[in-house]
Amino acid sequence: MAAADDLAFHEFEEAANLLAETPDAATTSQSDKLTSQEHVAVVVGSGIGYGAEGEEEDDKTSLLQDEKPQPRFWTFDYYQSFFDVDTSQVLDRIKGSLLPHPGHNFVRHHLRNRPDLYGPFWICATLAFVLAVTGNLTLVLAQRRDPSIHYSPQFHKVTIAGITIYCYAWLVPLALWGFLRWRQGTRERMGLYTFLETVCVYGYSLFVFIPTVVLWLIPVQWLQWLFGALALALSAAGLVFTLWPVVREDTRLVAAALLSIVVLLHALLALGCKLYFFQPLPLDHVVPAPQAIPPSPNVLLPSSVQPMTTF
């Protein structure tokens, strides 16, 4: 205890000497330092707590702003998101539909859970318009080669082409999606595309027929059938490669039957367009060539009439 008191007294003397040398210096005790440090620590800690709470509140506010209510399916806002694509995305999906190969899933590699209706809508509209126009141009070119052919514009082909293409691009995917959804209940491991993804796959698969229809203007029958077969093979292969990951876990009979029906319906569409819009001309469009009518035996020809002589 004596040693401690001597040390304290010695420190007090040193402090007194320092004060004597610098009387204007400010003095603070150790307790004041500790109190101020504790106060600073409390203030800093409370500031950090308030900052963290503020950041959490900001995050919650941003999440609430991001989670906007989804529009109803009967409103235009609901379908607006399906047309929100740029040119590069549409071109990439068209390229994917033109170059199918095994192991390349169109939905997984090109749609990426973002199906669009912009591409299928305009592809169907373009195909219907090109079918009607080229069907009429075929008659015009035939009339130029053979003047005996009578041509009249067939505007009803525009309506028929539009109804056929749009019904196929929407009703067939609807039936296919419904069947796969029904089979999903019996086979729990089966994956399933959404209805809009199925429509998108069918819409882009029809793009290959647009240049094919233009090439059908070449007036060579075997070449037209060759172009049609190539287009059908590319388009049907894209559908089969895309649907195979969905149906492969089903029974072999169901998978084979479903893919066969898909290819058959695709072939019927191509065959129907070829035979209807590029069919041979009916007989009422061919004007028969004028034929020479033999003169009646009772009619005297001018050369056989002899002038009368007068006496």
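Yeah, the Cβs are placed from backbone N, Cα and C, and that goes for glycine too.
Marked as N-acetylalanine by Swiss-Prot on the basis of similarity to another entry: Ala2.
Across the topological domain 'Cytoplasmic' (2-120), the prediction's mean pLDDT works out to 63. Swiss-Prot lists 2-120 (among others) with the feature topological domain 'Cytoplasmic'.
Here Swiss-Prot flags 142-159 (among others) as topological domain 'Lumenal', drawing on a curator's inference.
Per Swiss-Prot, topological domain 'Cytoplasmic' is recorded for 181-198 (among others), and the stated evidence type is a curator's inference.
Residues annotated as topological domain 'Lumenal' in Swiss-Prot: 220-226 (among others).
Marked as topological domain 'Cytoplasmic' by Swiss-Prot on the basis of a curator's inference: 248-252 (among others).
The annotation topological domain 'Lumenal' is assigned in Swiss-Prot to 274-311 (among others) on the grounds of similarity to another entry.
The transmembrane segment feature in Swiss-Prot is assigned to 121-141 (among others); the stated evidence is sequence analysis.
Swiss-Prot lists 160-180 (among others) with the feature transmembrane segment, giving sequence analysis as the kind of evidence.
Residues or ranges marked as transmembrane segment by Swiss-Prot on the basis of sequence analysis: 199-219 (among others).
If you look up Swiss-Prot, you'll see 227-247 (among others) marked as transmembrane segment, on the strength of sequence analysis.
Swiss-Prot lists 253-273 (among others) with the feature transmembrane segment.
Outside the transmembrane segment (227-247), and at least 6 residues removed from its termini, the chain residues within Cβ reach (under 8 Å) are 96-98, 100-107, 176, 180, 190-193, 201-202, 204-206, 208-209, 212, 215-216, 254-255, 258-259, 262-263, 266-267, 270-271, 274.
For the transmembrane segment (199-219), the list of distant contacts is 93-94, 96-98, 106-107, 111, 115-117, 119-121, 123-124, 126-127, 130-131, 134, 137-138, 141-142, 145, 165, 168-170, 172-173, 193, 227-228, 230-231, 234-235, 238-239, 242, 266, 270, 273-274, 277-278: same-chain residues at least six beyond its ends, Cβ to Cβ under 8 Å.
With helix defined as DSSP H, G or I and strand as E or B, the topological domain 'Lumenal' (142-159) counts 8 helix, 1 strand, 9 coil.
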